[in-house]
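Participant: Mind having a look at this structure? Questions to follow.
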Amino acid sequence: FQGIFVLGLPYALLHSGYSGLFLIILSAALCCYTGKILIACLYEENEDGQLIRVRDTYEDIANACCKKLSRKLGGIVVNVTQVMELIMTCTLYLVVSGNLLSHSFPYVPVTEKIWSVIAFVTVLPCVFIKTLKNVSKLSQLCSLVHFIIILVVMTYCLAQIHQWSWAKFRLFTEFEDFLVSVGVIIFSYTSQIFLPTLEGNMKNPEEFRCMLNWTHFFACVLKTTFALTTFLTWGDETKEVITDNLPSFLQTLVNLWLLTKALLSYPLPFFAATEIVYACISRGPHSNYRSPLFALGVRGSFLLLTLLMAMFIPHFALLMGLTGSVTGAAMTFLLPSLFHLKLKWKKLSFLEKCADISVFILGFLCSLAGIVCSIKGLLEVFG
């Protein structure tokens, strides 16, 4: 939850004011809720009233919901959506890495694309990652690096406390600016793609709901504290990535830490995407689909794909925003609430049904607004 998106939260507050603080709290509650109902869809009651895990993945849930239309249609839609979002995320990490290296070493006569290739070389060992346990160790290091970055930035901000002023907060903002803030804040909490796998790999799955409550609570507290502290320090001068506001001697140091974080973040979405594709292909009748060499080929192909996208897709940020508006909102709000209503309708109370419908409508509006803003930005760029 404490990903690179967190660095954009102060900028989101600049454009949303007091409503942004409310959105950070509301988004935590909504994303925690959709995570719980998604996992609830993995379970069914047996004859004794005990909950049994009858499904393993997001794909299984989708197939169960769409089985009257087609046995595999739901799974195909979910898998395509998941892989799109995960691959775009991996590509973004390479683009961000190239940008950070370029700004950290401006005196080196190398373009951002070449820096992205250099960053790509460091993630090549990802082809040998076979289990989520290996990924979790890298993610743990990623979390440690992130807290170092947050600590450095907040220490500097607290040293400037004499400059803070609540007058910097806006009560009203432009609607389009507000929509940008909504996207940044909501998508900083998204994790639904990983939850079925995470819950299935937990030593004590019965503790999942408690874990989800505490992680969202602490994420909310940290995001709110960080965004508020940094915004009060720089006010109207707050930049899109808050580390750009730091003095030069700190900025280079933090950029290198951010680079480390981006590279350590790469394995998780990469592993998830390749596992989805490999699982789909290996169901075929040919035994060579299940060979370790074939799995290595799938991972290698995806690595190369992320590099090519980072190198050749023009206006990547806008395309990422468009993809995120479609896939992010779908995987976080639309599909969990829709699947929960479909599979649990008879067992849901009136309030639970209202909650699911409200989340679905909110997700649809967020997705629609994000698509409109992204397409408008693309049209402006292409004249």
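Just so you know, glycine gets a Cβ as well, placed from its N, Cα and C.
Just lifted these from TrEMBL, have a look:
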- 1-375: domain 'Amino acid transporter transmembrane' (DOMAIN)
- 20-43: transmembrane segment (TRANSMEM)
- 76-94: transmembrane segment (TRANSMEM)
- 114-132: transmembrane segment (TRANSMEM)
- 144-166: transmembrane segment (TRANSMEM)
- 178-198: transmembrane segment (TRANSMEM)
- 210-234: transmembrane segment (TRANSMEM)
- 254-281: transmembrane segment (TRANSMEM)
- 293-313: transmembrane segment (TRANSMEM)
- 319-339: transmembrane segment (TRANSMEM)
- 359-379: transmembrane segment (TRANSMEM)
Participant: Which range wins on Cβ pairs under 8 Å with the transmembrane segment (359-379): 20-43, 76-94, 254-281?
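Facilitator: That would be 20-43.
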Participant: Would you kindly check 20-43, 114-132, 144-166, 178-198, 254-281 and say which stretch has the most C-beta pairs under 8 angstroms to the transmembrane segment (76-94)?
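Facilitator: By Cβ pairs under 8 Å, 254-281 leads among 20-43, 114-132, 144-166, 178-198, 254-281.
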Participant: Counting Cβ pairs under 8 Å to the transmembrane segment (210-234), which of 20-43, 178-198, 254-281, 293-313 comes out on top?
Facilitator: 20-43
Participant: Do the transmembrane segment (293-313) and the transmembrane segment (20-43) share at least 3 Cβ pairs under 8 Å, sequence separation 6 or more?
Facilitator: no
Participant: Where among 144-166, 178-198, 254-281 do we find the most Cβ pairs under 8 Å to the transmembrane segment (20-43)?
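Facilitator: Per the Cβ count, the answer is 178-198.
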Participant: Can you tell me which of 114-132, 144-166, 254-281 gets the most C-beta pairs within less than 8 Å of the transmembrane segment (178-198)?
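Facilitator: Out of the listed stretches, 254-281 contacts the transmembrane segment (178-198) most.
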